[in-house]
Amino acid sequence: AGLTKRSLFDPSCTGVFDRQLLRRLRRVCDDCFNVFREPNVSTECRSNCYNNEVFRQCMEYLLPPHLHEEHRLAVQMVGK
């Protein structure tokens, strides 16, 4: 069941399975998609478990600087 639950979130994330962290990271991608309306933003933002340039750009664009480090750490935790 763990694997199914995990894959409902983001199959590329093989680190800590933390629903809240994953939800927060996904929200950055969703908000980014809503702002830019580029079809590939959502997919690219989630690729490699959020450890990518698109996610970083979305985060810098959408989030106040004091939250950047927190999100970077979250990416490391849920990633490999």
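Sequential numbering from 1, following the chain as shown.
Note that Cβ sites are derived from N, Cα and C of the backbone, with glycine treated the same way.
If you check Swiss-Prot, you get these features:
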DISULFID  CYS13-CYS49  disulfide bond
DISULFID  CYS29-CYS45  disulfide bond
DISULFID  CYS32-CYS58  disulfide bond
MOD_RES   VAL78  valine amide
Quick one: which of these recorded positions, CYS13, CYS32, CYS58, VAL78, have their CA within 10 A of CYS45 (disulfide bond)? CYS32, CYS58
Neighbours of CYS13 (disulfide bond) among recorded positions CYS29, CYS32, CYS58, VAL78 (C-alpha cutoff 10 angstroms), in sequence order, are VAL78
Quick note, CYS32 (disulfide bond) and the residue listed as 'valine amide': C-alpha atoms separated, nearest Å, by 20
Which of the recorded positions CYS29, CYS49, VAL78 has its Cα closest in space to the Cα of CYS58 (disulfide bond)? CYS29
Compute the C-alpha separation of CYS29 (disulfide bond) from CYS49 (disulfide bond), stating it in Å without decimals. 11
